[in-house]
Amino acid sequence: MNQPQSVNSLDAAMRLAIEQSYRVKGTTYPNPPVGAVILNPEGQVVGVGATEPAGGEHAEVLALRRAGGLAAGGIAVVTLEPCNHYGKTPPCVNALIEARVGTVIYAVPDPNAVASGGAGRLQAAGLQVHSGVLADQVAAGPLREWLHKQRTGLPHVTWKYASSIDGRSAAADGSSQWISSEASRTDLHRRRAIADAIMVGTGTVLADDPALTARLPDGSLAARQPLRVVVGMREIPSDAKVLNDDSRTMVIRTHDPLEVMRALADRTDVLLEGGPTLAGAFLRAGAINRILAYVAPMLVGGPNTAVDDVGVPTIARALRWQFDGVDRTGPDLLISLVPR
Ligand code: AOF
Ligand code: ZN
């Protein structure tokens with residue numbers, strides 16, 4: 001860092017740590033993407049870091065290394081409670097204590113029983129410890145999928161779809177390309193590149209022949225490709241794009257969402273991209289944790305809805321969700337929903 005940056009609040013420092021964590025999201029599996037910032041006693045940023053790929057360094061250790069002697073008496077700001085265990089790397093709490101950091105601020109506690117206890121250990125060593133800073137932003141943001149996995153043992157599933165304002169994902173003749181804008185597609189490809197797996201049903205492979213790769217705006221492949229997962233009983237042709245060499249592909253011969261979840265148990269962040277039958281099955285099974293809808297300002301009409309049977313016979317039994325955020329992607333709306 002050439003110019004020492006000053007942050008005028010701990011919230012601002014935590015926002016910087018969140019920014020760091022987003023840089024590595026999708027690359028740390030099975031570890032959480034954590035961000036860390038070290039402030040010197042004057043409140044200047046003297047080191048930043050984010051978790052390396054599994055087996056590599058944790059965020060705090062990298063940030064401390066960059067800070068060197070300037071960390072003494074300073075503040076470490078971390079998105080996750082620093083770990084307290086010898087895993088693939090030594091405990092981060094040891095590194096913080098050895099660097100003579102005065103205060104540690106973190107957003108969310110580490111739910112991993114093996115690694116937790118860092119806060120207590122730091123306090124016992126005489127450091128000031130504060131938790132909960134921007135905890136909601138971190139828990140709903142960069143650590144959302146990892147925390148879900150820790151809590152449930154299952155991967156976090158985001159159902160993504162693109163539709164017209166009247167909820168159609170294709171026109172009556174089945175044509176579906178370019179419902180969403182270029183800005184929406186760029187946003188989607190960015191999300192694909194940080195997911196662990198992208199899943200579709202065999203019907204979607206047969207109808208649309210998607211490549212299910214993460215691509216950059218110029219059409220080239222992103223550096224990192226998620227696992228492609230095809231679910232269903234129907235045969236897919238050997239020349240389907242989803243079977244090309246651009247990424248790995250897993251075919252799961254079942255219709256049962258719970259069986260699919262078991263097959264993906266070692267994943268954290270799964271993007272379900274349709275079609276309407278598979279999305280319906282997952283919704284009926286309660287296996288969707290987040291909905292991301294790209295909604296385009298157009299009307300299409302006809303029978304091709306984004307999802308078909310969700311198991312709701314009457315309005316009193318509607319599946320009720322709540323809006324979690326609304327953004328614009330070009331001319332479209334990007335709506336995020338979480339279970340109520
Ligand atoms: C931190 N900072 O940047 C991360 C933490 O196998 P290991 O040694 O890499 O430890 C993995 C566990 O450490 C992981 O399950 C989680 O509890 C914690 N991750 N902790 O202090 C970090 N990535
Ligand atoms: Zn650690």
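Backbone N, Cα and C define each Cβ position, glycine as well.
Curation plays no part in TrEMBL annotations; they are all automatic predictions.
The annotation domain 'CMP/dCMP-type deaminase' is assigned in TrEMBL to 8-130. According to TrEMBL, the Zn(2+) binding site annotation covers H58, C83, C92. Per TrEMBL, active site, proton donor is recorded for E60. The feature NADP(+) binding site is assigned by TrEMBL to A162, W178, T204, D208, G275, P276, T277, L278, A279, G280, A281. Residues annotated as substrate binding site in TrEMBL: S176, R192, L212, R215, E273.
Shown on the structure are the features that TrEMBL records.
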residue: H58; record: Zn(2+) binding site; Cβ within 10 Å: 29
residue: C92; record: Zn(2+) binding site; Cβ within 10 Å: 29
residue: R192; record: substrate binding site; Cβ within 10 Å: 23
residue: T204; record: NADP(+) binding site; Cβ within 10 Å: 25
residue: L212; record: substrate binding site; Cβ within 10 Å: 26
residue: R215; record: substrate binding site; Cβ within 10 Å: 18
residue: E273; record: substrate binding site; Cβ within 10 Å: 23
residue: G275; record: NADP(+) binding site; Cβ within 10 Å: 27
residue: A279; record: NADP(+) binding site; Cβ within 10 Å: 25
residue: A281; record: NADP(+) binding site; Cβ within 10 Å: 23
Three-state secondary structure, R215 (substrate binding site) (per DSSP): strand
Chain-internal residues near A162 (NADP(+) binding site), provided their CB is under 8 angstroms and they sit 6+ positions away: S169, I179, S180, S184, L188, A293, Y294, V295, A296, A306, D332
Close-lying binding-site residues around ligand 1 among H58, C83, C92, A162, S176, G275, where CB distance stays under 6 Å: H58, C83, C92
C92 (Zn(2+) binding site) versus binding-site residues T204, L212, G275 - nearest by Cα: L212
Cβ contacts of the residue listed as 'active site, proton donor' (under 8 Å, same chain, 6 or more positions away): V34, A36, G49, A76, V78, P82, C92, A95, L96
Neighbourhood of ligand 2 - binding-site residues from C83, C92, S176, R192, A281 with Cβ under 6 Å: C83, C92
Same-chain residues at least 6 apart in sequence whose Cβ lies under 8 Å from C83 (Zn(2+) binding site): H58, P91, C92, V93, D110, N112, A115, S116, G118
Whole-number Å value for how far A279 (NADP(+) binding site) lies from E273 (substrate binding site) (Cα to Cα): 8
Count of other CB atoms lying within 10 Å of the CB belonging to S176 (substrate binding site): 20
Local Cβ density at T277 (NADP(+) binding site) - other Cβ atoms counted within 10 Å: 18
For substrate, whose listed binding residues are S176, R192, L212, R215, E273, the greatest C-alpha pairwise distance in Å: 19
Whole-number mean of pLDDT values that fall within the domain 'CMP/dCMP-type deaminase' (8-130): 96
Residues of the domain 'CMP/dCMP-type deaminase' (8-130) by DSSP state, where helix covers H, G and I: 42 helix, 27 strand, 54 coil
T277 (NADP(+) binding site) versus S176 (substrate binding site) - Cα distance in angstrom: 16
Shell list (Zn(2+); ref centroid = CB of H58, C83, C92; cutoff 8 A): V34, A59, E60, V61, P82, T89, P91, V93, A95, A115, G118
